[in-house]
Amino acid sequence: MSMLLVQALNGLQFGVLLFLVAAGLSLVFGVMDLINLAHGVQYMLGAYVAATLGVWTGSFWLGALLAMPVALLVGLALEWLVFRHLYRRDHLSQVLATFGVILTVEEATRALWGSAPQTVLEPSGLTGGPMGGVEIVAGLIYPTYRLVIIGVGIVVPLLLWFLVERTRAGMLVRAGATHPAMVSALGVDIRRLFTVVFAFGAMLAGFAGALASPIFPVAPGMGDTVLILCFVVIVIGGVGSIRGAFIAALLVGLLDSVGRAMLPDLLRLVLDPSSARQTGAALASMLVYIVMAAILFFRPAGLFPGGRAA
Amino acid sequence: MTAPFRKHALALATLLALAAAPFLGFGDGFALSLLARAMILGMAAVSLSLLVGGAGLVSLGHAATMGIGAYTVVAFDAAGVSEGLIVFPAAIAAAAAYALVTGAVSLRTSGVHFIMITLAFGQMAFFTTSSFSSLGGDDGYTLYARTEWLGTRILDNRLTFHFLCLGLLALVWVGGNLLLGSRFGRVLRAARENPQRALAVGFQPYPYRLVAYVMAGAVGGLAGALLANATEFVSPALLSWTRSGELLFMVILGGVGQIGGAILGALAIVLLEESLSHLMVYWRLVFGPLLVLSVLFLPDGLVGAPLRLRAAIRFASPKRRNADA
């Protein structure tokens, strides 16, 4: 039972990270109709910059904090160099050009940092030592840092909701998503709005990467896995819907973690141990996609269809 | 020159050049294996081009069909079966079955959803093959021997293999063009251009698209079975999503308008990758920006490049400007 609780918390924390990346992806798609494969690159860069600056400054937290403006600047640069020229192009061109950006940035990462995983400082100043834990229920100790991530994952979506639903900038973003021509006609510089949304999304992804750096290996290609799961999140949640992305991200995170831990054990009830382990592992890695297929079969537009209907 | 001939001239010239290549100094083992890889990937790219250009379905998971074809060969090899009359149809059928199941779900969506879902299914296939520990898991599987045909090992001869790949590539190209020109193909194109109108005329696009998707999957399976034979080694990397992206790049570099362009695109990319990776370690630092630039500046691909160039020259030439004035 406590095992299930730990896996559920791990799943929640993974889901939260997925949301931070997926939110930016979904915003960018919702407002600009741009499918940006290179969004995972921002996540990867966030982790790398946080790791390197953390070692330089001697504090993980300082590194993570500094990673955000760096991710923001890289996002702005890429928008100016490449993405700006893709807004009016079809999805095929967008997919390919952003794919080219991934190849380039990942290769540059490999050239700069090497292919080996990076060392990351342990986040200091938490209860029970750097990587220590707190007792959440009797006899069960859970790492404090992972709880911090879950906490951040509750605060950021709330902030995001407030920003999008209750501020003037958020109103423009929502209007830009559904009626870009009208917003432009009313005197809003839609280009600048696009740039701001894009940079904001890049920063969120970089932040997620920085948060993830102490618990996942920081290596080239780390962005791809997250990117593809984020696509699953967006497809399940409904394109352009922040609320849908949040619920779907938690769902995907939980399914993935709990499935990986539980399926081999569950299958042992009907299969012999070695084949149960193999089929369990195979099924667990497919589980997310099977659920996605099932949801799409009944609701082709996702759970919370919203924003641009395309 | 008649119009249809001119339309296919570039693809035809590429195929002829491939046929002549072994006798023009490209007959050594290295060159032949490189060309074989280009032709096989070209076959997969042509089938993808049928989906992208013909039906307007941008699949970002086409490498999965190729991988399933290759893994079928490997699975039979592990079971001690290497007869081509069994292995090849099985590889094609397995890939087609995968395309049928995933297509039935994916085709219920369109646009960006379709791109994301095909990518997700491709990733699912990737993780599934990595978990086959009896077939090497992540490390891949080295084939014991190439596939036999009626007990004879004709595929071991490099020249025979070269012309087998070339023949099948030509067949896929001709078949694809015939398909696009047929009534079936016209419905596909109509549904791409204007789904509402196609529906109003009385055609449900879904079954047509599904059939096209399954056919493209079957060709992908064939290409995969050939690729397993060409490299005699199969690993999950064959199904990675970057491979799918590369196939799409071949299609768009060649030019989306004509499926023959994919052959040229595949050849160009395989040769470019090979020469760049010989020149430098971090060759993707050049390859990536080239990809971005070609998307931004060559919207019609290589096939359309001469036309664009001609138009640009005509526009810039003083004679033309005088005529306009």
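Cβ from N, Cα, C; glycine included.
TrEMBL has this to say about the protein:
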- A:12-38: transmembrane segment (TRANSMEM)
- A:58-83: transmembrane segment (TRANSMEM)
- A:95-113: transmembrane segment (TRANSMEM)
- A:145-164: transmembrane segment (TRANSMEM)
- A:193-219: transmembrane segment (TRANSMEM)
- A:225-258: transmembrane segment (TRANSMEM)
- A:279-298: transmembrane segment (TRANSMEM)
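Counted over residue pairs 6 or more apart, the CB atoms of the transmembrane segment (A:145-164) and the transmembrane segment (A:279-298) come under 8 Å in fewer than three pairs, which marks the two as apart.
Pairs of Cβ atoms less than 8 Å apart link the transmembrane segment (A:225-258) most often to A:12-38, out of A:12-38, A:58-83, A:95-113, A:193-219. Long-range Cβ contacts of the transmembrane segment (A:193-219) within its own chain (Cβ-Cβ under 8 Å, at least 6 residues beyond either end) map to 17, 20-21, 23-25, 27-28, 31-32, 39-40, 42-51, 54, 60, 63-64, 67-72, 74-76, 78-80, 83-84, 87, 115-118, 120-123, 131, 145-146, 149, 152, 156, 169, 172-173, 176, 183, 226. Most Cβ pairs under 8 Å with the transmembrane segment (A:12-38) belong to A:95-113, among the candidate stretches A:58-83, A:95-113, A:279-298. When Cβ distances are compared across the two stretches, the transmembrane segment (A:95-113) makes no contact with the transmembrane segment (A:279-298), since fewer than 3 pairs at least 6 residues apart fall below 8 angstroms.
Within its own chain, the transmembrane segment (A:58-83) is flanked in space by residues 34, 36, 38, 42, 45-47, 49-52, 97-98, 101, 120-125, 194-195, 198-199, 201-203, 205-207, 209-211, 213-214, which lie at least six positions past its ends and keep a Cβ under 8 Å from the stretch.
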